[in-house]
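According to TrEMBL, the protein carries these features:
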type: TRANSMEM; residues: 12-34; note: transmembrane segment
type: TRANSMEM; residues: 46-71; note: transmembrane segment
type: TRANSMEM; residues: 98-121; note: transmembrane segment
type: TRANSMEM; residues: 142-160; note: transmembrane segment
type: TRANSMEM; residues: 194-216; note: transmembrane segment
type: TRANSMEM; residues: 300-319; note: transmembrane segment
type: TRANSMEM; residues: 361-383; note: transmembrane segment
type: TRANSMEM; residues: 404-423; note: transmembrane segment
type: TRANSMEM; residues: 485-506; note: transmembrane segment
Amino acid sequence: MSIPSAVLAAGWIPFVVTLVLILLFSGAYVKYFISKRDGTISTTLSAVVALSVTFFTTALIPVDVFLVSFMKNSDGTFKDWAISNTTRLSMETSVTDAYYSLYGLIVFCLFLLLPFMYFFYEERDEESTVKSRICSALKFTIVSLFIVVTLMLVGAFVGVNHGSPSPNGNNTNQWKRIVDMFKEFGTETRAEDALSFVMSILSLLGMLALIMYSAYGMSAMPMSLIKGTKSAKKERMDVQNRRSRIADRSRSIREKYNRRNRDQGLDEEERLLEREEKHLQAKENSILQKCLMVLRPFEVVFGILFFLVTLLIFVSLLLTNIDKAIHGLGYKSGYALSKRTLPNPVDIILVFCQKVFPLDYIMFAVLVLYLVFCSMSGVRNIGIWFLWLRMYKIRPRRTRPQGILMMCMIMMFLTLAINIIIYELTPQYSSFGSQKYVINNGNSTHPIPDIVSCTAEATTNDCTVTSMSLLLTSFFYRMWFFGAAYYWGTWVFLGFILIGFIISVIKKRKSSIEGEVDIDDFDDSDEELLTG
């Protein structure tokens, strides 16, 4: 029996709407941060495409969950159109193909599009031609192409350790069920093996970025809303006093040395303070700023709500990790968890919301958006660093195109890691949705049917696993190291959230013109912000 069109429409139409919203959001985000002076159409479009493609993979998760959940009735039986295993497999294959297509686009953007555009812009000067810039950019891009080809060859042809649980009878049986599930659904080609291996490495790099940026953002963003910014009027008066003192010092130095030796440091500091005063004056007289002052109580309320969301995510991840430590199958199986034992608030909420369509879509979107915005907040506050050197500052309407492209790269890594965190946060929702199945208790003569939620302990004839869960399980199955690394990375992530919270509490309130004035800015670049 074919899949009803109503089912496909209910699953895919919200996804298409989400894609359009993602494109609009990515375009607005890039335009907000990219420098008006240096921005080009090519770098802007490349950044928007790369950012959108990454968010598409996350937007596919609720569609995946909806399709497998809608196959079942509330009594644990399959619906008429989903009774055939061929129909179910066909639906899941289409979703899996969508995942692999998007993952392939991510690899293309990370290793070809963004590196090429980065070096293409780096070669920009008055004497160079477009042809020479393309040739120079291609030379550098070949290096990244060589890296990804090498990784894909390793993933496709080098045998990997499929892992094994700790020597415990119960663990061995549970791991066998997981492996059997993977073998039944995961009949993949070498190309898919290669792509899975590359995505595992990229997700691992994303976990490092998640620890650095998202953990701090999840603590700093709520606290910054609660604390608010400094008063523009008080800041302006303070800047005026500092500027007056520096002017007096500079004048006394010039008088002492008969104007022959001028302190360049004092002159630069005075010019910087003059620019700060100009921005603070504009902020103080801004009608929008006065309206925002009226909305200040709501900002505090949102800060408290965001803090509670961070706390909810922290507790859910903590409980999941403790559950894996106690009931998981050990590091040699990537700490695979066959079923949830400890309560997970976020998982329970999403599974419950799925009963009222499309409430789970909305809740899931809120969760993902929060993680994404926290990550963006972390990138903006910390900046882009190479070891101890800061490469780029992320500032509204003043970020160089190279910085925007690097930021998009980091956001791609972060979003891949967010997919892992979502799986850790919502193991039941991400794997089986609201599916239930019937088990018979009692004896063979008097069976007692019982309806329970699907877990990895169920057979493939009873439950259908989501493509996302299957892909992540396949990563762990092929090489246990990735599963173990994600598990321990989550512990570090939780630790950095606590550290970030302590730093956020200690830090002073931000300036009302945070990020608008920098000593490296062009002399006439202030007019772009003050008039734009």
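Using N, Cα and C of the backbone, Cβ positions are placed for all residues, glycine too.
The model shown is predicted, which means the values in this text are computed figures rather than measured ones.
Among the stretches 12-34, 142-160, 404-423, the one making the largest number of Cβ pairs under 8 Å with the transmembrane segment (98-121) is 404-423. Sequence-distant residue pairs (6 or more apart) of the transmembrane segment (194-216) and the transmembrane segment (361-383) include at least 3 whose Cβ atoms are under 8 Å, placing the two stretches in contact.
Between the transmembrane segment (361-383) and the stretches 12-34, 300-319, 404-423, it is 404-423 that has the most C-beta pairs under 8 angstroms. Counting same-chain residues at least six beyond the ends of the transmembrane segment (485-506), those with a Cβ under 8 angstroms from any Cβ of the stretch are 203-204, 207-208, 210-212, 214-220, 223-224, 310, 314, 317-318, 320-321, 324, 328, 331, 334-335, 420-421, 424. Same-chain neighbours of the transmembrane segment (404-423): 30, 33-34, 39, 43-44, 46-47, 50-51, 53-55, 57-58, 61, 106, 109-110, 114, 117-118, 121, 199, 202-203, 205-207, 209-210, 213-214, 317, 367-368, 371-372, 375-376, 379, 384, 391-392, 394, 430-431, 468-469, 472, 486, 490, 493, counting only residues six or more beyond its ends whose CB sits under 8 Å from a CB of the stretch.
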